Amino acid sequence: MIDSNRKWSLIMKNTLHNLVKTELHCHLDGSLSFETIRELAEMANIALPESDSELAKLVTVPEDSETLLDYLKTFDFIRPLLQTQKALSLAAYDVAKQAAAEHVLYIEIRFAPELSMDKGLSAVQVVEAVEKGLQKAQRDFNIVAKVLICGMRQSSKQLTKEIFRQINQAKSLEFAGFDFAGNEHDFPPQEIADLIRFTQRLDRPMTFHAGECGCPSHIAQSIALGIKRLGHVTAIHDHPELIADFVENKVTAELCLTSNLQTKAAKSLAEFPYQELYEAGAKITINTDNRTVSNTNLTKEYQLFVDYFGTSLADFYHFNQNAIEASFASEAEKAELLAELKKAYGQTD
């Protein structure tokens, strides 16, 4: 006979799985299912271990990971698998399918086109392929899935500008906005400020990785540059004046709990800034960052917030509202998504 605590745990897990969710911070190359990784490897003639346990050692973060750079090394294995349009379309479809399976209503999937240009694809061809996969997923599942284009902070500024310019000018593309990822420690916002301003002049919305490497100054610099969505912001912990500035400027936080504990951006739950941001009234969203690399999904993340912080269903509803309002969807799409979210959570006026 199942004990009452175990029964309650199963009920809660099922409840969280069935909750309608949204996600703003999900990396394509870090979120491929094992099944799709195997399919892509076969297409690329790359040998893989037969067992999933051995494959996991190649594509999930090692337990002894100490830094963000250690964590990022895991992506090197996936890069050769994403060098054709067919592979990119399959990958995009796979990630959106995973999200839809746990009732994600809206997702923004981000990736760096330059990482899929090793075999001759142009930046525009890369984005076209990803969009094709997401369009198929939207037809097959009840999900809205959009593309975010990442620049790699450590790459040539000229290369990033050229890629962004080409993509922005391509009338065939429907991508939602821009982001900057990669080596934050050596390339803080001030170092790439001209690149950020260039991107802002393209008249597309943008988000930005900041505060993932223990540097609260990077969050302050990002806010000063006028960026209204920031990924991670982990280093804001124990900086009340910065939190106040964050709230005053109406910036939205893309929190990634599991990932931050793995990269040691937060060395413990006590250093993860959720509670401080929550109490200050900050705009919070919950995200996976990398489903496969971090061995997580949104249901697992929600469970952690319940277990660690006592997060309520009302909180989850509010965080999903935040995500839709801060999303790079159109105003018409936002209104429709908010109405669907409200209905799903049984909210009334």
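Placement of Cβ uses the backbone N, Cα and C atoms for every residue, glycine included.
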Starting from the Zn(2+) binding annotation in Swiss-Prot that includes H25, H27, H209, which of D118, D289, D307, D315 is the extra site residue? D289
Can you list the residues of the same chain, besides H27, D29, G182, whose Cβ falls within 8 Å of the substrate site's Cβ centroid? L28, G30, L72, F75, R110, F111, A112, L115, C150, A181, N290
Return the member of G182, E212, H232 nearest to H25 (Zn(2+) binding site) in space, with distance defined Cα to Cα and candidates limited to these recorded positions. H232
Please determine which of the binding-site residues listed here (H27, H209) has the lowest count of neighbouring CB atoms within 10 Å. H209
Entries of H27, H209, H232, D289 which, being recorded positions, have CA atoms within 10 angstroms of G182 (substrate binding site): H209
Other than its own, how many Cβ atoms are within 10 Å of the Cβ belonging to D29 (substrate binding site)? 25
For the recorded Zn(2+) site, whose residues are H25, H27, H209, D289, find every other residue on that chain with a C-beta no more than 8 angstroms from the centre of their C-beta atoms, and list them by sequence position. C26, G30, R110, A181, G231, H232, E254, C256, S259, N287, N290
Rounding to whole Å, the Cα atoms of D29 (substrate binding site) and D289 (Zn(2+) binding site) are apart by 10
